[in-house]
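Engineer: Shown below is the structure under consideration.
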């Protein structure tokens, strides 16, 4: 007879008998040759020799019961489990309720036995201490030697910052939508049945393995985000801006390799390249001093001051020439003033459109002796002269636009500009000329 702990007092927590499907009560019989899953029979079905599929009545068997002492000679294993379940249901300290649920022991017996064997037991205390020490050691091994973890911001739902944080919920330390969010759908209809064939069983196991691999990928991605501090995207961008523009571009390019290096190694890698950039810039500056014949830093400071003055003077002359150039054209002058306002406010200046009134236009192109001129008619020659486009290039652009128009059944100006990578004003003139002469049609 094998002594095993029974199931709980709730009959619905016990497996049914394979013979009569009734809920098992101790003692019951387990076949030692069939399984898994275990083949269990009640005593009535066992005595009448119940057989099912591979199970035969002459198989070896084990009698399952929990009527044996574990910690105390006066307490059976069934009573030990009933005590633990009663304490879990009623709460620690409510010994009268625990005794009422057990029905076999008094209030004093329940309290004394629980305190002696489950609270003050030195064996259990040392085991819990070892488990705690092992957990602390594991925590120390897996700790991330990175920046201190700040509390992430808590933006309102569906705000811009919430979208930047990919729907991260700081209070739950999780995301609104997981990576591969619908991976669980493949498992919702899977049910392991004893009558499944070997192939079907293997297929179901493979689906579960695939789901496990998806869960591992989710955890891997979360670990990368947590280790590198990618939750607070705004703070991460502020840290990037402390580098020069060239190092920022490198940071953006090398970000995909952060998952391989780890947080500390990745930061060291970026810092080393930032240092290399500073050293190269300093070496270039020293080479400039050497080329200018400077041999000491005192002269270098004077050289930098004079160079800055020369650059400012050159900029003033450039600004004056622009003013003189556009002074007769009100629209061009207005564009120049807007450009200077952008420069003063720190914005990227817009390039002013050259004015035709304040600047002398270029003379027509001379087509004499240029290859392909004989293939042009008089209007095409006039176009090439005014646009200053060589005949060979014009013929290539014309063929490309005509072929695209035949394919699409029409051609828009934006499509023509996408095909011809030249000045947009020249493209418009060629496009209008071909439309006017009937070579292509407007879409």
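Just so you know, glycine gets a Cβ as well, placed from its N, Cα and C.
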Engineer: If I go by TrEMBL, the feature region 'Disordered' sits on one of 347-372, 373-398, 399-424. Which?
Structural biologist: 347-372
Engineer: By DSSP assignment, list the helix, strand and coil residue numbers for the domain 'SWIRM' (356-443), in that order.
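Structural biologist: Secondary-structure breakdown of the domain 'SWIRM' (356-443): 52 helix, 2 strand, 34 coil.
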Engineer: What does the DSSP secondary structure composition of the domain 'ZZ-type' (12-69) look like, as residue counts for helix, strand and coil?
Structural biologist: 7 helix, 16 strand, 35 coil
